[in-house]
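Data block below; observations after.
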Amino acid sequence: MSGIDDLPPLRDVIKRHDLSARKSLGQNFLLDLNLLTRIARAAGPLDGATVIEIGPGPGGLTRALLALGAAKVIAIERDERALGALQEIAAHYPGRLEIVCADATIYDPRPLLGGARAKIVANLPYNIATPLLIGWLSIEPWPPWYDTMVLMFQREVAERIVAREDDEAYGRLAVLANWRAETKLLFDISPAAFVPQPKVTSSVVRLVPRETPEPCDRRMLEQVAAAAFGQRRKMLRQSLKPLGVDPARLAAAAGVDPTRRAETIAVSGFVAMARELTDIRAIKSV
């Protein structure tokens, strides 16, 4: 038995269901139920909550979420080998675990939510983690169908999410993430906690969506950030040229010094430039 429920230890579950991790699916299984419980707790009170979990594998995090009182966990798993293990958990928690065998990069869970907001809590497969996050941050209209995300990434990716201006890791991902959410790196997890052991440290990040981010067109913001960070060592008056407008005038009109570099500009500066770009293009289209 485990320390959080009467189900078998995760190592036994993996052996019994022949769940050897597959590199092609980005799988690394976290087996320490204390760590898994810590991740689940980071999402805040779970009583009455609906939680979306991506890539549950043998179900360690699933069990932690249910043991902490989640009213419903919707587990989206692409690997059919894991379904047997998840069905055993579903039997232990009747009516509280819904298993969806699908590709999380294209599956839309909203029809299962009944209009309620959910939490997303997941040890994301490394190979789809960033695309999934960008998709969740790009949802329209905003605010989104979730109220909290607690996600595990490779440490390098986590640093890129929570970075601020003048940080080495600051870039396009940080601009999008911190425009639409409050982000925080919570804690690291050693490679030794996983089976098989990855070559890198993992980090758990919490993102809480801002109900009313600074107003601007997301696509324009992404274009400005892409241009600016595409030549991050150059001044904005040079790096913003791909936008097809006078870069110095664009930056100056937004209240940003065009001789500065992208890595020194706060998210609010990018938002201001995105709004200005929207106005310029609207005038041009008339």
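Glycine too: its Cβ is placed from the backbone N, Cα and C atoms.
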Exercise for review: Write down the one residue from D5, D6, D103, D147 that Swiss-Prot lists together with N28, L30, G55, E77, N123 as binding S-adenosyl-L-methionine.
Suggested key: D103
Exercise for review: Using DSSP reduced to three states, classify E77 (S-adenosyl-L-methionine binding site) as helix, strand or coil.
Suggested key: strand
